[in-house]
Structure formats: structure tokens, C-alpha cells
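Scroll down for the structure; my scribbles are underneath it.
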Amino acid sequence: MAIMTCDSISLQRGSTRVLSDFSLEIEEKAITAIVGANGCGKSTLISVLAGDLTPDSGSVKLLDRDLEQFSLSELAAMRSVVLQHQNFWLAYSVQEVIEMGQDGPSLARVDQVMSELGIAEIAGQSVLTLSGGQGQRVAIARALVRDTPIYLFDEPFASQDRESRKALIEIFRGLREQGKTIVIIAHLADGDLEWCDHIIEKLS
Amino acid sequence: MKKIYVLASAIPLLLLIALAIGATEVNHVWSAIFAFEFNSESLDDQIIWQIRAPRVIAAILIGAILGIAGSLSQAATNNPLADPALLGTTAGAAAGVVIGVATNLVSLGSFTAVIAAAIGAMAATLFTFWLARSALQLIIMGISVSAILTALVGIAISLTDRSDLRSITFWSLGSLALIASSDLLILIAVAVIVLLVALKLSPQLDLLSLGDNAVRHIGRDPQRIRLIAFLTLSVAVAASVSTVGTIAFLALAAPHIARFIVGPRHRNLLIASAVIGSIILLLADTAARSIAPPQDLPIGILIALCAAPLLILALKKGAMQWR
């Protein structure tokens, strides 16, 4: 069953047509990878699925309801999002950043998620000193402490080493076993994606 | 955070020193300060309690208010360069007072002036907020709104021959000599309200630093957080501008110095910014009235001399606090 659908969506940013008559179904309780070359609109697509961007035409539905009709808090209860770039600009610690704005049940999972992602050792370190991969894992941790039916990850493997990549794949599989729906944006260069249930090639 | 409580405990000591120093020689300073009764016949008592005390207490309150306003500005815009002057808030407050005085609805140094300043500050800040489409644009729009309002106030003052409006010229430079003891109640009320609202907002200000999308993704509205921050800092700036005029640089510097002591977390940062703001303004104002008595040196000069070296020192010696 499809939990999310995009029906012939188009989106123009400035003078560039980023998405053109694009349709997509995201299967429930499965891992869907969206792959494609740089600049083909993958990140735009994840922003659309997250509800950050509204397409100029076409419809995006979550559980058969227009995404636009969801309030911010309804959307937050449905999906967690990890964007590709983190704009940390103040010297908060890793743990402080993960805990920001989280509710009680999410706060209770912080320690466990940090050790799963291999960032427990740097919990007290300033986020300004992190490598790209570490920063990305901090953002992933912010999503994973939350308990939502859908998780959207924009390029979670970018700048991750082999070990972290393996750990992330295990985490994604674990989420699927819990009945979660996972969407990841990936590069074909990210290695084999056989562990995903669906691979959608996004061609510009 | 302990360090900031140590610094805060220096404020009462500085207050006593500030009471003891001034243009007029007071013979029995300490007995006048520590006497339990106010003797209205005694010149010493009059100088210390009616002239110096309101000004010294105002310096502490306004320093704290501006420190908090600066923290709120930087948090709301995600920009370490932001301060109320750059958001149009300060110029808006000044314009509010000038319009109020020109239309005879308001007299300088009264509670109505605070209201007029608050309306002006809010209108200008919200106008900036409405114009800007991104956090970075806020700064450019704020500078522009500020420039327009400052120019209009300048024209209004130049064209008038009314003495009260003329006196605004002096007031637009900022001086704690303008304080009246009737202002103190307003300043206390505003300082308490602004601090409490800001502290209540502090977890959301932390969250805002992750960027608007990250805020939305967990179901909060970043623009709403920003709006509350702007309204709060407008009230703060209004109280300061309408009582002592425009005081530059302090709201920018205090949060930076505070951040090097307590780190970025807003719960601590807001308190630390208030303490640092108080200390700097108290030191600067005491210096302003005692370096070349009976002349009052412009407060802006002494704030610059007190705060800028501290700011440079913090940036050079401290760990990286932002990029």
C-alpha cells in the first residue's frame, strides 16, 4: 500500500524547472531509495515530500490526504526529516543539539540513539568542530529519537565512512522491522542498494 | 554559569562605588549611603539619593534590558551581527517618541513616551520582519528601515522651532543624565517582564539556531518564535530609548562577551547578557560623569571604550563560539 503519492508534480525554482510532471509512490513499511545524478531534483523532491516545498502543480498526498492540509504539528507527528546540509552556527554540544525541542519520550531515547550512531563519545563536543559525516549523524540522531511512521533522509551516506554506512543500513533495516516507512536519497556511487525494497531512478 | 554569578555579585559593589563617585565632592559619602534615614536637609543625602542613585540604578536596569534585547536580536535572526539598531527597532522607538511629542500626545520622560516608543519600535521591527524573506535579508532590510526612520526624525527635528523637540537632538545621542526617578518603576517592570518572557522562550531560541526547516520538521513555527522575540525586544528597546535615548553598541557586544563565558544556550546566555550589559553600562556611565566633571561625556564613547576591548579579547582568547 502506498503511504505517500506524488501525482504529476511540477516545480520551478527561479528559471529552472526542477520537477516536471513527476509521479511517485512510496510504499508503506518499506525502504525506498531515490537515486539519480547531481542536480536532478532529488533534494527538491525530499523537500516536497517533507512538506517544506509545495509543487506548482500536481498533488502530494499522505494517507490519501493532501499534504497541504496537514498542520505543522500533524506533519511532525507523521514524519521525521534529515536534510543534507546542517547549518550549525553556534557552539552547542552534540547532545544539546539532539535534545533541542524534543518531547519527553524522544529525550529518553537520546543516549541509545547516540551510541547506535557512534556519536556517544562526542556527546559533549561542540558541533562546530564536527566533520561533515559526524554533523550529518547528529542530524540523523535528531530524527531517530522521534517516533514517527515515516522517515525521510536526504543523502544520509554522503561523507560517511564505511563503518558508519554499515551502521546506518542496520538502523534503517531495524526501522523497517518496526514497521516504519523509510525514504532515502542516494547516489548510485553509494554502493549497492540491494537492501532497499524499491529503487526509483530520478532522471531529470 | 558559576562565573556569571560571581560577576553578578560584583554589581552591588560597583553600585556602591558608582554612588560614591561624581562631579560634586561629597564629604561623608559612606555614612550618607549607609545611614538608614534620608535627611532631606543634608546636601550629601540629596546628591547621593536624588541625583546619583536613580542614574546608577537606571544604568543597571538599562544595561540588563539592552543585553537581553541584543541576545534576542541575534537569536531571532540567526546572525551574530544583529542588534536592535540593525533591525530598525531602535530607530522605530525614536520615531515613535518624536511623532508622539510633535503631536502633543506625549511628553518626554513620561510613561506615555514609553508607550509611543514601544508602538514605534514594534511597527518598525514588524515592518522589517514583513519585508524580509530570509534571516539574512532581515539585516539589510533592518538597516534600510532604520536609515529611513533616522532621516525622517532628523528632518522633523531640523524643521521645528519647538524647544522640546530640539531637546530630542541631545536625547538622540543617549545619556543617562536624562533619567528621572519616576522612570525607575517602568524600567524595573520592563526588565522583569522582558527577562521572564525571554527565559520562557529560550528553548525555542536554541531550536531556531538549527534553521527554519529543522524547527518546522518538529512541528513548531519558526516565524512565531521570531515574532515573540521581536515583540519582546521592541518593548525592551522602547523602555531604554524613551528614558535615556539611543545607546549604541551595548546590545551587540554584551551577548558576545556573555557567550564566551557561558556558551550559546539561551537560558544561560540571556541571564549572562543581562549581567554583562549591566556591568558595562554601570562602568561606562560612572566613567562618563567622573572623568571630566562637571562635564558628562557622551555615553556612547565610554561604552565603546569599555566593551570593544572586552569583545576583541573574547574573540581572540575564547574558544570558537560561532561561525
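Placement of Cβ uses the backbone N, Cα and C atoms for every residue, glycine included.
So that you can see what the record holds, here are the features copied from TrEMBL:
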| type | residues | note |
| --- | --- | --- |
| TRANSMEM | B:46-69 | transmembrane segment |
| TRANSMEM | B:81-102 | transmembrane segment |
| TRANSMEM | B:108-131 | transmembrane segment |
| TRANSMEM | B:138-159 | transmembrane segment |
| TRANSMEM | B:171-199 | transmembrane segment |
| TRANSMEM | B:227-254 | transmembrane segment |
| TRANSMEM | B:266-284 | transmembrane segment |
| TRANSMEM | B:296-315 | transmembrane segment |
(message) Can you work out which residues elsewhere in the same chain, 6+ from the ends of the transmembrane segment (B:227-254), have a Cβ less than 8 Å from its Cβ atoms?
(response) 58, 62-63, 65-73, 75-76, 81-85, 87, 89-90, 92-94, 96-97, 109, 113-114, 116-118, 120-122, 125-126, 129, 170-176, 178-180, 183, 186-187, 190-191, 193-194, 197-198, 201, 205, 273-274, 276-277, 280-281, 299-300, 303-304, 307-308, 310-311
(request) Determine whether the transmembrane segment (B:296-315) and the transmembrane segment (B:81-102) share at least three Cβ pairs under 8 Å, counting only pairs 6 or more apart in sequence. (result) no
(message) Checking distant contacts: for the transmembrane segment (B:108-131), what same-chain residues at least six beyond its ends satisfy Cβ-Cβ under 8 A?
(response) 84, 87-97, 99-101, 137-138, 141-142, 145-146, 149, 164, 167-168, 171, 178, 180, 182-183, 186, 190, 226-227, 230-231, 233-235, 237-239, 241-243
(request) Could you pull out which residues elsewhere in the chain have a CB under 8 Å from any CB of the transmembrane segment (B:138-159), counting only those six or more residues past its ends? (result) 77, 79, 81-82, 85-92, 94-95, 98, 102, 124, 127-129, 131-132, 165-166, 168-169, 172
(request) Would you mind listing the long-range same-chain contacts of the transmembrane segment (B:171-199), meaning Cβ under 8 Å and 6+ residues beyond its ends? (result) 50, 53-55, 57-59, 61-62, 64-65, 68-69, 71-72, 94, 108-111, 114, 153, 157, 205, 228-229, 232-233, 235-236, 239, 243-248, 266-267, 270-271, 274, 281, 285, 288-289, 296, 298-300
